[in-house]
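**Q** Structure in structure tokens, see below.
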Amino acid sequence: MIILMFSGVNTIASYVGPLLITSFVDFLSRKDDKSWYNGMVLALIFFLAKTAESLSQRLWYFGARRLGIRVKAALMVLIYKKSLSIKYGSMSNGKIINFLNVDVEKIGDFCWYFHGIWLLPVQVICALVILYKNLGAAPSLAALFTTIIVMISNTPLANKQERLHTKIMEAKDSRIKATSETLKSMRVLKLHSWESNFLKKLLKLREVERDWLRKYLYTCSAVAFLFWASPTVVSVVTFGVCIMLRTPLTSGTVLSALATFRILQEPIYNLPELISMLAQTKVSVDRLENFIVEEDQKRLIHCNNFDTPDVAIEIEAGEYAWENKDAKIPAVKITEKIRIMRGHKVAICGSVGSGKTSFLCSILREIPRISGSGILTYGSKAFVPQSAWIQTGTIRENILFGKEMNQTFYEGVVEGCALNHDINMWADGDLTMVGERGLNLSGGQKQRVQMARAIYSNSDIFLLDDPFSAVDAHTGAHMFNKCLMQLLQNKTVIYVTHQLEFLDASDLVLVMKDGRIIQSGKYKDLIAMPDGELIRQISAHSKSLDQVNAPKMCIGLAKKKHGSSQIEVTEDKIEDLTDSNRVAGRTRHEETETGRVKWHVYSTFITSAYKGALVPFILMCQVLFQGLQMASNYWMAWGTEEGRVTRGHLIGIFSLLSGGSSFFILGRAVLLSTIALKTSQHLFLQMITSIFRAPLSFFDTTPSSRILNRSSTDQSVVDTDIPYRLAGLVFALIQLFSIVVLMSKVAWPIFYIFIVVIAISTWYQTYYITTARELARMVPNQQAPILHHFSESILGSATIRCFNQEDRFSKKNLNLIDNYSRVAFYNSGTMEWLCVRINFLFNLVFFLLLIILVNLPRSAIDPSLAGLAATYGLNLNVLQAWVIWNLCNVENKMISVERILQFTKITPEAPLVLDDCRPETDWPFNGKVEIENLHVQYRPTLPIVLKGITCTFPGEKKIGVVGRTGSGKSTLIQALFRVVEPSDGRIMIDEIDISKIGLQDLRSRLSIIPQDPVLFQGTMRTNVDPLQEHSDQDIWKVLHKCHIADDVKQDQRLLDAPGISHNKILQKRTTFSFELIIFLSQNFKKLCSC
């Protein structure tokens, strides 16, 4: 209600000036000086009305912005809570980022436009009252009908704007989604030398977005033309009717009408803008509504009353299927009731794709139930997923996961998870910072950290999804004995495993196949069944080992152990490997500039399009527009004096001058849109190219949210905001200068007053901008952690829900949103602080102008020129506030350009291609790898990881690289791919020093299965063959080799079906590449057991 009151006062006060301008011009036209008192009263009323208008406007805008900040904060909280409840794996980071950066912003900004809905008719009515008073009924009706026609003509453009904006949002969604996926897959892309192809895909998506943006901006040019031309059209029609009806016209009535038309310009423009804003807001509301009304994740029913104290989990018969509820074959089908007793250890085994992970997810309620009574759990749960989820933060924070520190228990957990050695190696111990998604940890380290997190939670039920797959055999044996058999001795544990040696220690073994439990019982009983599925799996496991050329002694030992039906788990003492472990680095703090935005940022932006060649033409159009507009207004006021010109001549010249000004406005708008398109695309190409050429260390230390923030928020500002704000500042300065010249010509003392006021305004602006600039830089810096927290929470939503940590994560989200809202509020408050003072200063200038005019001798005044000066002076406070506000806001917005330019200067990797040193097309010929005195360290300030390795890998041989977790295996692989450049020594492949050739020539000839599996959004075909270089026949051949063809054929879409099974997809990619060297890193063990 308070905002409504201020907006109403502002609207009424803004029409006081046009209402009184007739009386003031009539006062100046009188030849006697005896009415001095009346003139002073008029001047005082003008001043009070302008002061009320300014103050109410500032209070209105301040209240609207504050409300908008609150609305945005509430929506962000709502989206976050909803994101945590969305079913497992069905949420897109790119979509969430667009929700936050675009849709929430649109809805928040609508608070500023909301009161325009009811103010629009009020403004039109006030204008008609003034026109009726000055010109009569017929001209007023003509003005009304013309206004309606102009508004109606704007409506199709507004509808087109809405449609184009929707298309832009859809295109932006696709681009941000693809960018997010690409950033998370950057390691795989660079290792396979695919980044150039994926960059082309992104550029194609950007081109689609740019096509819609081009149409949108040129439509905006048409709207801008109608905005500036509407007063001209309305005034020509209205004065034309007056001429036809011979309505008496005076300088006062003409100037009052012109001032009214100028104010009427706002509702004419606001209607299509309001319609467009309503449409855009509706699009955003609909998008959020569709997201919010999605079926919530049903929380798992916890039964803590322990009516059945010996039972931990009750599993009723039922069927569970992923996402597609119409699937004919469920992912998990439970045919009979299962009771898991408290304190029991339950092992789940089965071949890859048999439904083990889906079975755990059904217990967690992370997979939709399509039939049956469901699953009951009695007590708290902890979950260790197969793909490790690690938070950005310290190792200690990841382990504690919101729990209080219990030093004794903590040390026991760390020792049980074999993390002692790693922590001792890191300079900051367990306070070492972990990068985004744990990128600076090895696969084994990430698995052990999340294992420690689960154990430290001290839950009642533990669900472990293949927890020993990412660690070596010694570490796995240590963790099994220390964690499962000691720390979790009295806990209920359900663990999935491919290591058959871990089955004997369980109380119950569940054997799965095709989503069903086909065998269950104690290990000794199951292996006593010669025709049982477990025996078949053990036999298949032995045969797969026999296929590997292992030493005969090892094969004999394995056969001996299997033959005895007893697989013993042994533990070796973990030794200190002083040369092991990649030291975890710190996440790089976001770089922010300080002080004023540098001039080179402005010059780079202005010259990005055609080297600035179009800028002079835009300025010329604005100067000619302003000159012709003022000339037409003066001509109309001067020509109404009796006998100076004929009525036909009067309206003809007025129409010609007004039409000329409108023509230049159209040229200005088109040229400005052309520059905006060219500039935004130039900066985008520079930034995205620089990012794709950055080394992997950049992505390890830079959260993807920072890159996405620049690619979405900052790029949107550059696309549609900065060019128009910068141009608006220049246009406003030209208008202000022309008004100063006009006022100084009428009353020369006002020029010196202007100089004083401008000096004070400049001091205010300088005082303000030092604070506002830093606040503007803080806004995106405070927004980036929100985006990062959203992204991180979505990836780990299943873990967060399982640990019942939603409240803690929501609280952290609230704190981050509060920090962002606080800075946004201060930024808005400081802006209003400046505007109030600047408005008052220029209201004072206008008041002093009127006093000077009142006191000047009548013989020294041209009433028409003086009235014209007073008419333009009505907008002086708004114009000057607009200049100062734009001056500050442009600098604040230019920070987006500054942030984009930061990412155009990333130190690149080595060149992709060296033309003077390219290997032959069939290189490598034999695959012989020679490593000579290889020393590797990740950064000059960090310890050396590989210390003088010298060895030779014979060509056409299978080489196994073995070692303890963190011993440097992955570092050796990275050196072969030149992810890390050697500090000393060299690597030769078939007599070619790999450091002497381009990265693309090197990496495209090698192939790798990385530790962290990556699956792209898309079909089976695009995942197997991302570059689309091979035929369907070749793809099916590979699918059969990887034993996944039958799974693909279950879907009628075949190769167009969505991709599945991360490790299988990665194996197929590697089989599909026709390279001579294959590095299988730590996935070797998994591949052998497939």
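Along the chain as shown, residues are numbered 1 onward.
Here the Cβ of each residue, glycine as well, is placed from N, Cα and C on the backbone.
Summarising the annotation, TrEMBL assigns domain 'ABC transmembrane type-1' to 1-280, 617-892. Annotation comment: TrEMBL describes 313-539 as domain 'ABC transporter'. The annotation transmembrane segment is assigned in TrEMBL to 12-29, 36-53, 110-132, 138-157, 216-237, 648-671, 722-743, 750-770, 838-856, 865-885.
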**Q** What stretch in 138-157, 648-671, 722-743, 750-770, 838-856 has the biggest tally of Cβ pairs under 8 Å against the transmembrane segment (865-885)?
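**A** When the Cβ pairs under 8 Å are tallied, 838-856 comes out ahead.
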**Q** With Cβ-Cβ distances below 8 Å as the criterion, list the same-chain residues six or more beyond the ends of the transmembrane segment (838-856) that contact it, or say none.
**A** 24, 27-28, 36, 39-40, 42-44, 46-47, 50-51, 54-55, 57-58, 743, 746-747, 749-750, 753-754, 757, 760-761, 764-765, 866, 869-870, 873-874, 876-881, 884
**Q** Hey, which bits of the same chain come close to the transmembrane segment (36-53), Cβ under 8 Å, at least six residues off its ends?
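**A** Hits for the transmembrane segment (36-53): 9-10, 13-14, 16-17, 20, 23-24, 27, 840, 843-844, 846-847, 850-851, 853-855, 874, 877.
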**Q** On the 0 to 100 pLDDT scale, where does the domain 'ABC transporter' (313-539) sit on average?
**A** 84
**Q** Please identify the stretch among 110-132, 138-157, 216-237 with the greatest number of Cβ pairs below 8 Å relative to the transmembrane segment (12-29).
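**A** Answer is 110-132, with the largest number of Cβ pairs below 8 Å.
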**Q** Go through the chain and flag residues at least 6 beyond the ends of the transmembrane segment (216-237) whose CB is under 8 A from any CB in it; none is fine as an answer.
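**A** Hits for the transmembrane segment (216-237): 142-143, 146-147, 150, 153-154, 157-158, 160-161, 164-165, 168, 257-258, 261-262, 264-265, 268-269, 272-273, 625, 632, 636, 651, 654-655, 658-659, 661-662, 665-666, 669-670, 672-673, 676-677, 720.
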**Q** With a Cβ cut-off under 8 Å, give me the same-chain residues at least six positions beyond the ends of the transmembrane segment (110-132) that come close to it.
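**A** Same-chain residues near the transmembrane segment (110-132) but 6 or more away: 3-4, 7-8, 11-12, 15, 18-19, 60-61, 64-65, 67-68, 71, 139-140, 143-144, 147, 238, 256-257, 260, 263-264, 266-267, 270-271, 273-274, 277-278, 281.
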**Q** Other than its close neighbours in sequence, what residues sit by the transmembrane segment (138-157), given a CB gap under 8 Å and a spacing of at least six beyond its ends?
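**A** Same-chain contacts beyond the flanks: 124, 127-128, 131-132, 219, 222-223, 226, 230, 233-234, 237-242, 245, 247, 261, 264, 267-269, 271-272, 275.
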